[in-house]
Amino acid sequence: MATLLATRGNRATWRDYLELTKPKVVVLMLITSLVGMFLASRAGVPWTVLLFGNLGIGLCAGAAAAVNHVVDRRIDALMARTRRRPLAEGRVAPLAALGFALALAVAGMALLLTFTNPLAAWLTLASLLGYAVLYTGFLKRATPQNIVIGGLAGAAPPLLGWVAVSGQLSAEPLLLVLIVFTWTPPHFWALAIHRKAEYAKAEIPMLPVTHGEAYTKLHILLYTLALLAVTLLPYAIHMSGPLYLLCALLLGGRFLHWAWALYKDSKPHAAIGTFKYSIRYLFLLFIALLVDHYLPLTL
């Protein structure tokens, strides 16, 4: 198999290498990073930090994604959702993908160290290692709580963006991390229910596989309730205003509607519907934070 992968890897195109970075996921991460940057300052963000800081974070995120492709290539080949990925089909060789990941990581770290600050750079590296090594290499195969524990690495981008501008940690960016951290389990568990048979075939201990769908649906509902509460905290600590509060309540209410429908089996395809809405939810919630920051309303 290794020989086959190496041989067929010669057929790789630039699109295959782009796919290794999981660009859709990285774009969503960069949106939260971008919002973190702008929330860190009302005076504006220096263009060098805005451009090269986000580029550095994006390159490191892409590096982590490429490592994920390498480690999961045999699992990916067993699942319909992932079997067309470059390494699963053998279009890119594992060593080539690892070299690509290393190049992205080095370039990303160089940009962060040059144009932002050491704290932002090292936190980004910690996030990269947390996802690529701790989650992908160990937690994903070890425990049904893989998403909960490993979600911290994926929740880091708004913190990274904030620190890239401010150069220091504070309560506000940690709250942004908490929002993404709490959002992660219902987001991924909804997909895991939809793809339960594939995860079981690949022997990945996702919660629906190990504990059943009813248990997972209950926990999706509970986490969604917790998420709704957590998203009210920016208003409670005067980090945001009434505009954000209204958006958080409306968006959270809709998320709760999907979670309840999934729990009660009252909608066809509720699992994938919940998953898709969760993506829109996070995007719109962070946009609401940003708009509220620059267009505050008073009651």
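FYI, residue positions are counted from 1 along the chain as it appears here.
Note that Cβ sites are derived from N, Cα and C of the backbone, with glycine treated the same way.
Annotated in Swiss-Prot:
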TRANSMEM  25-45  transmembrane segment
TRANSMEM  47-67  transmembrane segment
TRANSMEM  95-115  transmembrane segment
TRANSMEM  119-139  transmembrane segment
TRANSMEM  147-167  transmembrane segment
TRANSMEM  173-193  transmembrane segment
TRANSMEM  218-238  transmembrane segment
TRANSMEM  243-263  transmembrane segment
TRANSMEM  279-299  transmembrane segment
Contact yes or no, the transmembrane segment (279-299) and the transmembrane segment (25-45), 3+ Cβ pairs under 8 Å, gap 6+: yes
Close approaches to the transmembrane segment (47-67) from elsewhere in its chain (Cβ under 8 angstroms; 6 or more beyond its ends): 20-23, 25-26, 29-30, 33-34, 37, 97-98, 100-102, 104-105, 107-112, 114-116, 120-121, 124-125, 127-128, 131-133, 136, 153, 157, 160-161, 164-165
Segment proximity, the transmembrane segment (218-238) to the transmembrane segment (147-167), 3 or more C-beta pairs under 8 Å: no
Beyond the flanks of the transmembrane segment (218-238) by at least 6 residues, Cβ under 8 Å: 171-172, 175, 178-179, 182-183, 185-186, 189-190, 207, 244-245, 248-249, 251-253, 255-256, 259-260, 262-263, 274, 285, 289
